[in-house]
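Step one of this worksheet: look at the structure below.
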Amino acid sequence: MAAAATAGPGAGAGVPGAGGGGGAREGARVAVLCLLWYALSAGGNVVNKVILSAFPFPVTVSLCHILALCAGLPPLLRAWRVPPAPPVSGPGPGPHPASGPLLPPRFYPRYVLPLAFGKYFASVSAHVSIWKVPVSYAHTVKATMPIWVVLLSRIIMKEKQSTKVYLSLVPIISGVLLATVTELSFDVWGLVSALAATLCFSLQNIFSKKVLRDSRIHHLRLLNILGCHAVFFMIPTWVLVDLSTFLVSSDLAYVSQWPWTLLLLAVSGFCNFAQNVIAFSILNLISPLSYSVANATKRIMVITVSLIMLRNPVTSTNVLGMMTAILGVFLYNKTKYDANQQARRHLLPISTSDLSSREHLRSPVEKPHNGALFPQQGDFQYRNILLTDHFQYSRQGHPNSYALSRHDV
């Protein structure tokens with residue numbers, strides 16, 4: 001897995017001039033990674049449902065996921081030689097490694113702690129939803145994330161969208177409503193938890209993009225920081241909610257099943273960590289638009305596998321609602337991709353005079369922090385090829401100061 005992920009930035013884009021054999025190998029590598037991604041995601045969701053059906057402690061499952069993230073990312077960051085701090089400008093060609101702190105101190109109370117709390121709350125809410133409702137329905141509700149992103153971006157960041165973007169939300173709304181009214185195993189708390197998790201993920205998306213843009217820290221490094229800080233929110237909740245129940249419960253069924261439960265929890269944590277890393281590898285190898293297609297296909301696979309393996313009852317109308325919502329997510333991604341490409345073309349100079357006339361439009365740079373420059377709100381956001389709807393899938397345009405510059409979690 002790591003070998004595939006460390007193919008290098010050149011492999012990610014499909015190097016021009018590569019022979020037919022190289023293209024075939026690249027296609028085979030993407031196909032294998034996509035199959036692994038689908039299998040880990042679908043298998044992880046099925047395992048989570050199996051665990052929570054017999055072991056109804058969603059906080060424990062969330063804690064295992066956070067701990068797997070904290071344990072797995074540091075060796076991965078060292079293996080991929082991701083710098084601990086953003087690259088800085090200096091004499092000589094190219095960026096230079098930085099040895100300062102990961103983020104400026106002001107970022108921690110303003111962004112890191114709220115984002116870590118959001119990660120904790122979103123993880124717990126997501127597992128509560130899987131506990132209360134079928135996996136297929138929970139993933140259908142998660143398809144509402146573009147709606148939350150558009151609304152919150154308009155309210156918080158004052159970002160306006162095109163008419164096409166707003167119209168692309170209609171199939172998502174219609175599909176989720178149709179799936180909700182026809183869901184045979186509907187539970188109000190399951191719906192509320194799934195919506196709360198999606199809302200938290202959307203807020204994470206907005207503010208994580210801001211941190212990534214303003215600090216230029218590697219997003220895997222930021223994910224590691226958020227995971228480690230989320231543990232401080234997760235452990236007190238686990239002690240108060242789950243551990244206290246373990247200590248006072250008179251039901252010894254949990255004790256007799258501990259070996260099997262612990263094995264499933266370990267498998268769940270590994271699947272969650274591995275699918276994030278493989279998703280990172282896939283976006284290094286394909287275009288963002290192809291990735292959005294692969295991501296929509298993954299959601300279809302998760303829903304299909306969960307319906308087959310868990311055998312929860314569904315109707316044809318219910319399935320139609322699920323597929324409509326997922327199609328809406330793909331249409332939204334395609335519309336956003338086209339809008340970002342158009343904005344990017346508008347920023348590219350046509351001639352030398354255009355370049356000179358636009359030079360004064362560049363945003364000023366904040367005061368250096370330990371030698372690292374942190375750009376403000378100017379044109380840096382348009383250097384991204386595509387910003388999709390989840391922090392896991394946001395791509396940044398960092399300099400090639402380390403092996404993996406085109407990235408995704």
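Placement of Cβ uses the backbone N, Cα and C atoms for every residue, glycine included.
For reference, Swiss-Prot has these:
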TRANSMEM  50-70  transmembrane segment
TRANSMEM  111-131  transmembrane segment
TRANSMEM  133-153  transmembrane segment
TRANSMEM  165-184  transmembrane segment
TRANSMEM  188-207  transmembrane segment
TRANSMEM  222-242  transmembrane segment
TRANSMEM  252-274  transmembrane segment
TRANSMEM  282-303  transmembrane segment
TRANSMEM  312-332  transmembrane segment
MOD_RES   Ser363  phosphoserine
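Counting residues 6+ beyond its ends, the transmembrane segment (50-70) has Cβ neighbours under 8 Å at 119-120, 123-124, 126-128, 130-131, 223-224, 227-228, 230-231, 234-235, 237-238, 241-242, 245, 254, 257, 261, 264-266, 268-270, 272-273, 276 in the same chain.
Beyond its flanks by at least six residues, the transmembrane segment (188-207) meets 111, 114-115, 118-119, 121-123, 125-126, 128-129, 131-133, 137-138, 141-142, 144-145, 148-149, 152-153, 156-157, 180, 389-391, 394 of its own chain at Cβ-Cβ distances under 8 Å.
Of the two recorded stretches, the transmembrane segment (111-131) does not lie close to the transmembrane segment (282-303), with fewer than three CB pairs under 8 Å once pairs fewer than 6 apart in sequence are set aside. Sequence-distant neighbours of the transmembrane segment (222-242) (same chain, 6+ residues past either end, Cβ-Cβ under 8 Å): 57, 59-60, 62-63, 66-67, 69-70, 73-74, 77, 102-103, 112-113, 115-117, 119-121, 123-124, 208, 211-212, 276, 391, 409.
Outside the transmembrane segment (133-153), and at least 6 residues removed from its termini, the chain residues within Cβ reach (under 8 Å) are 45-46, 48-49, 126, 159, 161, 165-166, 168-169, 172-173, 175-176, 179-180, 183, 185-187, 190-191, 194-195, 197-199, 201-203, 205-206, 299, 302-303, 306-307, 310, 312, 314, 321-322, 325-326, 328-329, 332-333, 389-390.
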